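The domain '3-dehydroquinate synthase N-terminal' annotation in TrEMBL covers B:66-178. Per TrEMBL, NAD(+) binding site is recorded for B:70-75, B:104-108, B:128-129, B:Lys141, B:Lys150. What TrEMBL records for B:180-323 is domain '3-dehydroquinate synthase C-terminal'. The Zn(2+) binding site feature in TrEMBL is assigned to B:Glu183, B:His246, B:His263.
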Protein chains: 2
Amino acid sequence: MQTLHVELGDRRYPIFIGSDLNPRNLLEPYIHGQQVMIVSNTTVAPLYLTTYVAALEALGKKVATCILPDGEKYKNIEYLNLIFDALLEAGFNRDATVLALGGGVIGDMAGFASACFQRGVYFIQVPTTLLSQVDSSVGGKTGINHPLGKNMIGAFQQPQVVLADMAQLVTLPTRELSAGLAEVIKYALLGDVDFLDWLERHIDDLVGRDPERLAEAVYRSCAHKARIVASDEKEQGERALLNLGHTFGHAIESYMGYGVWLHGEAVAVGMVMAADLSQRLGWISMDDLERTKKIIQRAHLPVKCPAIPLDEFLGFMAHDKKVLNGQLRLVLMSTLGKAIITKDFDVELMKQAILANQEKA
Amino acid sequence: MQTLHVELGDRRYPIFIGSDLNPRNLLEPYIHGQQVMIVSNTTVAPLYLTTYVAALEALGKKVATCILPDGEKYKNIEYLNLIFDALLEAGFNRDATVLALGGGVIGDMAGFASACFQRGVYFIQVPTTLLSQVDSSVGGKTGINHPLGKNMIGAFQQPQVVLADMAQLVTLPTRELSAGLAEVIKYALLGDVDFLDWLERHIDDLVGRDPERLAEAVYRSCAHKARIVASDEKEQGERALLNLGHTFGHAIESYMGYGVWLHGEAVAVGMVMAADLSQRLGWISMDDLERTKKIIQRAHLPVKCPAIPLDEFLGFMAHDKKVLNGQLRLVLMSTLGKAIITKDFDVELMKQAILANQEKA
């Protein structure tokens with residue numbers, strides 16, 4: 001087992017990364033009260049809920065559960081309210097802990113609920129997908145969707161501790177494993193060309209779910225994100241680099257309807273669009289663009305999205321949080337393995353980069 | 001005009017207190033982006049909305065409005081969502097400012113919306129009731145109610161600036177003026193016996209809406225609260241003293257149904273119950289208890305609540321946020337003008353104090 005500490009001053013917390021982790025021993029020091037609400041979904045709960053309930057009850061905790069339906073389309077205010085209902089029906093107080101057992105949707109909803117319940121209770125994350133292990137377990141971003149935009153309502157809420165157990169990835173659907181790899185690849189593309197080399201050597205092991213290699217990829221991804229988040233907790237500057245591929249990706253997700261395409265799949269195409277625009281701007285070479293597409297394809301991810309009318313695509317991009325004073329900012333690559341955030345690009349080239357990476361209508 | 005600075009490090013902000021304040025000049029330095037969403041209600045908007053829209057448009061801002069129905073019963077997740085709808089329909093971004101123009105309900109909802117929209121945008125408060133001027137304008141507590149408890153869902157969100165304009169109190173209903181005075185009296189009872197003397201001399205001027213005296217009372221109340229909040233922003237310790245009368249008061253409000261009794265009216269009776277229990281514990285004298293009741297009565301506030309079955313009263317108290325590890329803590333008076341938070345009291349005496357200050361069934 002490896003331990004990564006996310007350095008955030010008095011909100012510092014550890015991420016434990018390994019296989020077949022012992023939740024009882026690992027969680028004990030990080031639960032401050034007697035009440036634990038486990039939030040999970042109908043897919044994950046049958047697999048892992050009893051293990052966690054038993055571990056917490058063995059610690060003498062009062063455990064309650066809130067099992068939500070599985071899917072991004074339930075990441076809204078109505079289902080968030082079910083967590084509040086469960087917390088209040090259980091009679092839980094300010095010293096309660098909300099434990100997220102599931103993927104990114106569960107982590108976002110449980111985390112946001114923990115940030116708002118009684119104006120803030122404790123939060124623990126047990127991410128059960130590769131995507132949530134490398135993405136939502138670091139950074140404290142939580143929230144829900146709104147019909148007019150993704151993640152529009154939320155809070156920054158840091159967990160007490162994160163358990164990332166590679167053994168749980170055995171049950172992960174292949175498509176979701178690949179979606180997680182999209183975020184892993186993102187860390188390489190945005191700031192670590194050595195990690196890109198490593199991925200090019202080991203991508204087949206990762207697709208094959210080798211737990212040692214997965215743990216290494218999760219550790220390196222989280223370490224990368226943790227370093228950026230520690231320097232920019234509230235996303236005023238550098239942290240925005242983590243959104244490489246996301247402005248395009250959010251537009252794809254929004255157009256398709258949440259949950260039709262996986263977040264990682266949309267980000268994969270979004271990264272291709274960002275790389276393509278970077279190439280059109282003369283910042284990276286055609287070889288760099290091809291290398292970007294190749295590693296994404298080897299992770300069994302799409303490199304094109306369906307045909308989407310350009311005006312609708314741009315409309316969804318305009319709702320992105322990276323619009324400041326009405327001006328769109330994009331995360332692009334200044335060189336391969338180095339991202340920058342910029343509003344200094346030709347909009348016509350951006351339109352070309354979007355259209356070039358769509359299927360023909 | 002007087003200016004009070006609430007000292008919270010990099011979240012330091014000023015409260016401007018006076019009559020006929022100039023919003024254009026006072027707000028200008030505190031609006032960081034171009035977009036302002038004014039949240040108000042159907043009672044306040046017809047009185048003051050055009051003034052604020054004009055002032056902000058004169059500053060070149062893009063102004064949108066969200067007018068909610070008036071009342072505590074709308075302080076819920078459904079009406080909160082209307083603010084998110086308005087923000088997204090206006091196309092507002094991360095640099096938006098949400099301005100609360102109204103009483104405590106509007107301040108709580110607009111503040112909470114500003115804390116959650118895009119994980120946090122700017123917030124400005126223009127409290128138009130005495131209660132919100134002395135209470136919700138300091139401290140950053142925002143939130144909404146849940147059918148199972150008051151203020152159960154929320155966030156700590158500090159404003160950029162607060163404008164407390166005594167001229168707006170002219171239109172305030174008498175009952176709401178008195179409800180505001182309940183909180184003013186609270187500051188005297190919990191930590192400032194000199195202020196209690198001052199109130200005993202000037203309570204008739206306050207009831208008569210003398211703007212000079214009101215400004216003085218608002219300034220002293222906010223200064224008192226600001227000092228406590230600055231030392232304990234997240235309510236770990238001393239800040240809980242501000243809840244004098246509130247645990248009893250919340251039970252009264254919850255039983256009656258939100259909005260039937262005004263918050264200040266319930267707190268008034270709650271303070272009598274807290275004083276009564278303090279007297280039964282031998283901490284304050286019968287004279288102190290009578291003095292407490294007298295100043296509350298002179299502010300035209302109730303000192304008894306309707307008959308409420310004891311088990312229901314206690315049930316609502318158990319949902320209070322001051323329950324820690326299942327144990328009820330109360331704010332009581334160790335002497336007149338000095339509150340303490342304690343779990344060290346005889347529950348039977350507490351029941352007597354509750355029953356003694358109810359109307360006969």
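Glycine residues also receive a Cβ, built from the backbone N, Cα and C atoms like all the rest.
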Expressed in Å to no decimal places, the gap between the Cα atoms of B:Lys150 (NAD(+) binding site) and B:His246 (Zn(2+) binding site) is 11
For B:Asp70 (NAD(+) binding site): DSSP state (helix, strand, coil): coil
If we check Cα distances from B:His246 (Zn(2+) binding site), which of the binding-site residues B:Asp70, B:Tyr74, B:Ile106, B:Asp108, B:Thr129 wins as closest? B:Asp108
What DSSP gives for B:Lys150 (NAD(+) binding site), in three states, is strand
Within the domain '3-dehydroquinate synthase C-terminal' (B:180-323), how many residues are helix, strand or coil going by DSSP? 105 helix, 4 strand, 35 coil
Give me the non-local Cβ neighbours of B:Tyr74 (NAD(+) binding site): same chain, 6+ apart in sequence, Cβ-Cβ under 8 Å, ordered along the sequence. B:Leu68, B:Val105
With the Zn(2+) site defined by B:Glu183, B:His246, B:His263, which remaining residues of that chain have Cβ atoms positioned within 8 Å of the Cβ centroid? B:Leu131, B:Asp135, B:Ala182, B:Lys186, B:Gly245, B:Gly249, B:Gly264, B:Ala266, B:Val267, B:Gly270
Determine the most Cβ-crowded residue among the binding-site residues B:Lys150, B:His246, B:His263, using a 10 Å radius around each Cβ and all protein chains in the structure. B:His263
